[in-house]
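Peer 1: The feature (6S)-NADPHX binding site is assigned by TrEMBL to 197-201, 267-273, Tyr278, Asp296, Ala403, Gly473, His524, Asp591. For Asn198, Asp263, Ser299, the entry in TrEMBL reads K(+) binding site. Among the features that TrEMBL reports, AMP binding site is placed at Lys561, Gly562, Ala563, His564, Thr565, Gly590. Annotation comment: TrEMBL describes 9-353 as domain 'YjeF N-terminal'. The feature domain 'YjeF C-terminal' is assigned by TrEMBL to 368-644.
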Amino acid sequence: MDVVTAEEMRAFDRETIERLGIPAIALMENAGRAIAEEVIALCRRRGAGAGGGTGSADAAGRSYGAGALGGAGGGTQSYGAGAVGGTGSADAEGRSYGAGAVGVGGVGGGMQSYGAGAVGGIGSADAAGRSYGAGAVGGVGGGMQSYGAGAMGGGTQSYAAGGPAIQPPGFSVSADPALTLTAAGGEHWLVLAGKGNNGGDGLAAARHLREAGIAVTLVYAAAPESLAGEAALQRDAAAAMGIPAVVYGRDAVDLAACSGIIDALLGTGSAGAPRGAYAELIAAANASGRLIVSADIPSGLDADTGETHEPCIHASVTVCLAFLKRGLLQYPGAGAAGQVVVRSIGIPAALARESGVPVSLLTPEVLRTRLQVDVSRRRSPEGHKGTYGHVLLAAGSLRMSGAGLLCARAALRAGCGLVTWALPDKLLPYVIGCAPELMLAPVSGGDGEWNAGTAAEVLQLSGSRDCMAVGPGLGRFEGDTDWLRRLWEETDSPLIIDADALNILADADYGSWSRRHPVILTPHPGEMARLAGTSTAQVQRDRIGLALSYAAAHGVILVLKGAHTVIATPEGQAYVNITGHPGMGTGGAGDVLTGIISGLLAQGLDAAQAAAFGVYLHGLAGERAARKRDNPAALIAGDIIEAL
Ligand SMILES: NC(=O)C1=CN([C@@H]2O[C@H](COP(=O)(O)OP(=O)(O)OC[C@H]3O[C@@H](n4cnc5c(N)ncnc54)[C@H](OP(=O)(O)O)[C@@H]3O)[C@@H](O)[C@H]2O)[C@@H](O)CC1
Ligand SMILES: [K+]
């Protein structure tokens, strides 16, 4: 799924209108309808007492994509147009990805569905039902897998396109279900309308809500006469339908006297902190305690960076139009947006692809198609430990030996054949036997710390290994810049640099260092700040933008860690990961990530593939590990390794 800036969005709007000849009012109509459909779906769930949107304390319910609905409960994720993530229980691991995908994570089930129109069936307590492909339907039951268009599986595996036919129905008539609400009685929604096109979208939505029997009142932030173009047409249509309207500042408005609020004040055309009536309406909407559905972005959010101005709407749902905006993925904006639903409005998705939009949401589909990763991690029947590569790790010191151990164990769990851990020789007696699968290579460290003289020994070891990871628990030492420079310039394989090795790099002018193989840097925001010579707050201000520019300028793969880790390549691509769990904020979790990435590199993935897939798997394992605990705060880094 492509992720765009406001400027890119405007270019695609223009192209659709001017080159394809689709009238702007048609796009606005589609936007209004999409917003109304999501509001109606919310009302329906509320009416059915199902709630929705909010996960339980242990839940990691997320949904991204047009039509996506993340249900209540745990572990449900859905991405892609039309995706519906069902309700997962606390133990469920229901995920659905792709256009039209419907995933229902059953109680205790392990359902996954990927692909356009895929429907993942309900997994039983022990089920691992998976379905892939357009129209695939995974049946109820255990161990079911189905692949292929229209395939239907139940308790077995089916791969055929077209699959068993569902009996054709007899004559039937149905209304427009997405715009129908049978029990709208108690619903009264306020539509807060700005004077731009975002306001126009909200006004169009108001008409559909009215049609569904929902009481609607328009609240204009500015004099209605100030609306222009398509927004003015929507204003007139709403007035002609007799939808009641008030003007903020002129008429009395009580934002708490409603059952829900559509925030259509400011969209991608907003600049700076909301002013005047806009600011007052945003503050009042937040204070009302009512459910808020934002049109396109929460008003007050910077659509590109994810910064929230003061004030900024705190939405329960954001109906993002046409393309996912960068600001909805970056915190604090991601927190203000609530559940994000991306809806098509008639702007072809291909426009983003063709124009080379550099940022993608990291989904299994993106991993498979754009990054060409074999996400199944298939093992060859003839494989042996030599088939899956050999990691060399230079890490650990007397007081931080655990960092090296976590990293090394994670590399093994990521599937590489062998791991050699180079460590100061004084540590050897203490770590022997901690992980019997590891090979230990003591280097001359006398006091248990690293020293500049060990570079030659590490380089000697690296000769027969497939990649090298440097940094976890390394510490700083005299001559460490020259030490790292030698490894950087002379290691004849890809290099991953983490933790203290990043701090060494930050103090060096490494732009002049030569390098033949890829380098992956894995900084957390503090380390990134040191590398970039800025503050942590500045790093967090626009993580995607900074990662893109740093990776391109320094010719490295950059993994900027934190909530929604960004992976940026020297070629100017970036991927934003959304797997993970707040419980992963614990010492050693980063060392585990470095281990996973190195384990994947050793297996032959290229640097971008290993970094992206590693981050994705690390997050999934963290989610799984968190679910196993009574409280995710109990999660420790070793749990992530065990959940791989
Ligand atoms: N065909 C299309 O174009 C499509 C557009 N679409 C929709 O349109 C949205 C973009 O619409 P947009 O460009 O009209 O801008 P929008 O966000 O409504 O705000 C502009 C207005 O706000 C005002 N304003 C600005 N900053 C402010 C502030 N800080 N505080 C207070 N006021 C401020 C500014 O007033 P001014 O400062 O110029 O007087 C201006 O009047 C987009 O998010 C999507 O929802 C989609 O449906 C797809 C098709
Ligand atoms: K808005």
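Cβ coordinates come from backbone N, Cα and C, glycine included.
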Peer 1: When you tally the Cβ atoms that lie within 10 Å of each candidate's Cβ, which of the binding-site residues (Gly200, Gly473, Gly562, Gly590) has the highest tally?
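Peer 2: By the 10 Å Cβ neighbour count, Gly200 comes out on top.
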Peer 1: Got a sec? Which of Asn198, Asp263, Ala271, Ser299, Gly473, Gly562, the binding-site residues, have CB under 6 Å of any ligand 2 atom?
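Peer 2: Asn198, Asp263, Ser299, by Cβ distance under 6 Å.
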Peer 1: Give me the long-range Cβ neighbours of Asp263 (K(+) binding site): same chain, 6+ apart, Cβ under 8 Å, in sequence order.
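Peer 2: Correct list: Leu192, Gly202, Ile282, Ala285, Ile292, Val293, Ser294, Ala295, Pro298, Ser299, Ile313, Ala315.
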Peer 1: Where does Ala563 (AMP binding site) sit in the DSSP three-state scheme?
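Peer 2: Where Ala563 (AMP binding site) sits, the three-state DSSP reduction gives coil.
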Peer 1: Nearest of the binding-site residues to Tyr278 ((6S)-NADPHX binding site) by CA-CA distance, picking from Lys561, Ala563, Gly590?
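Peer 2: Considering only the listed binding-site residues, the nearest one is Ala563.
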Peer 1: Minimum Cβ neighbour count within 10 Å among the binding-site residues Asn197, Thr268, Ser299: which residue?
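Peer 2: Each of the binding-site residues Asn197, Thr268, Ser299 was scored by Cβ atoms within 10 Å; lowest is Thr268.
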Peer 1: Checking proximity to ligand 1 here: which binding-site residues out of Asn197, Tyr278, Gly473, Lys561, His564 have their Cβ closer than 6 Å to it?
Peer 2: Asn197, Tyr278
Peer 1: Kindly assign Gly200 ((6S)-NADPHX binding site) to one of the three DSSP-derived states: helix, strand or coil.
Peer 2: helix
Peer 1: Looking at the binding-site residues Lys561, His564, which sits with the largest number of other Cβ atoms within 10 Å of its Cβ?
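Peer 2: That would be Lys561, with the highest Cβ count within 10 Å.
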Peer 1: List, in sequence order, the residues of the same chain other than Asn198, Asp263, Ser299 whose Cβ lies within 8 Å of the centroid of the Cβ atoms of the recorded K(+) site.
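Peer 2: Near the K(+) site, beyond Asn198, Asp263, Ser299, sit Leu192, Gly194, Gly199, Gly202, Ala264, Leu265, Leu266, Gly267, Ser294, Ala295, Asp296, Ile297, Pro298, Ile313.
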Peer 1: Whose Cβ, among the binding-site residues Ala271, Ala563, has more other Cβ atoms within 10 Å than any of the rest?
Peer 2: Ala563
